[in-house]
Amino acid sequence: MTDCRLYLITPPALDDLAAFGHDLAAALDGGDVAALQIRLKDAPDDIIAAAVQVLSPIARARDVAVILNDRPDLAARLGCDGVHLGQDDMPLAQARKLMGPGAMIGVTCHDSRHLAMEAAEAGADYVAFGAFFPTTTKDAPTTADPEILSIWQETMEIPSVAIGGITADNAAGLAAAGADFLAVSAGVWKHPQGPAAGVAAINAAIAQGLEARLAARGG
């Protein structure tokens, strides 16, 4: 791929789902977003289901794919477009059986090309590397170097997602390095001018990074 797009992740808790739905609509109207990952770690099934039921129509009305974190069983039952798996979650082959051949399945690979290649061979639709920067959204067991994005971009067809502490101030370098998607949570939801401005700022940084990527390749 020679493009890079925003992969938006929900905050870790949604205390007021209706209010967040308005924030999500504003964010998605702020610029290009490829996918929304609903990530509610350790939340009860009914809370996750309620979030999917409220947020999915908002995303899909704007052609944004809906990915559920960790739970292929719920993702299949709730009709999500895909699921994101951690290294300690359900095996990819089992998730594929639940989700079907058309679902998007991504896998966290930390800072390891070996894990990413295993995921690719198992049929992952994308691999996620990180964390690239300090993050308070989730515990990050590894720190990744942007070089892994460049190597992956040059050698593999499956898209890569960069994750971990990404904001408008540091996104351009990851887009330039070769990331196909930038996974962002707090960089949008905690943007000082609001989530719509956060999405717009990330997209502007991505455009800057893609210009640098093309220039480095002599384009």
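Every residue, even glycine, has its Cβ placed from backbone N, Cα and C.
According to Swiss-Prot:
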- Q37, I38, R39, L40, K41, N69, T108, K138: 4-amino-2-methyl-5-(diphosphooxymethyl)pyrimidine binding site (BINDING)
- D70, D89: Mg(2+) binding site (BINDING)
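Annotated features taken from Swiss-Prot, shown on the structure.
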{"residue": "Q37", "record": "4-amino-2-methyl-5-(diphosphooxymethyl)pyrimidine binding site", "DSSP (3 states)": "strand"}
{"residue": "N69", "record": "4-amino-2-methyl-5-(diphosphooxymethyl)pyrimidine binding site", "DSSP (3 states)": "strand"}
{"residue": "D89", "record": "Mg(2+) binding site", "DSSP (3 states)": "coil"}
{"residue": "T108", "record": "4-amino-2-methyl-5-(diphosphooxymethyl)pyrimidine binding site", "DSSP (3 states)": "strand"}
{"residue": "K138", "record": "4-amino-2-methyl-5-(diphosphooxymethyl)pyrimidine binding site", "DSSP (3 states)": "coil"}
D89 (Mg(2+) binding site) to T108 (4-amino-2-methyl-5-(diphosphooxymethyl)pyrimidine binding site), Cα to Cα, whole Å, comes out at 10
Q37, I38, R39, L40, K41, N69, T108, K138 bind 4-amino-2-methyl-5-(diphosphooxymethyl)pyrimidine per the record; greatest CA separation between any two, in Å, is 16
Residues near D70 (Mg(2+) binding site) by Cβ (under 8 Å) yet at least 6 apart in sequence within the same chain, in sequence order, are R39, K41, V83, H84, L85, G86, D89
If you tally other C-beta atoms within 10 angstroms for each of the binding-site residues I38, L40, the top scorer is I38
Neighbouring CB atoms within 10 angstroms of the CB of K138 (4-amino-2-methyl-5-(diphosphooxymethyl)pyrimidine binding site), all protein chains considered, total 17
The answer, for which of the binding-site residues R39, K41 has its Cβ ringed by the most other Cβ atoms inside 10 Å, is R39
Neighbouring CB atoms within 10 angstroms of the CB of D89 (Mg(2+) binding site), all protein chains considered, total 17
Around the Cβ of N69 (4-amino-2-methyl-5-(diphosphooxymethyl)pyrimidine binding site), other Cβ atoms within 10 Å, all chains included, total 22
Listed in sequence order, the residues of the same chain lying six or more positions from T108 (4-amino-2-methyl-5-(diphosphooxymethyl)pyrimidine binding site) whose CB sits under 8 Å from its CB are H84, L85, G86, Q87, A128, I163
In chain order, residues whose C-beta lies under 8 angstroms from the C-beta of Q37 (4-amino-2-methyl-5-(diphosphooxymethyl)pyrimidine binding site), counting only those at least six residues away in the same chain, are Y7, L8, I9, T10, I67, L68, N69, H84, A183
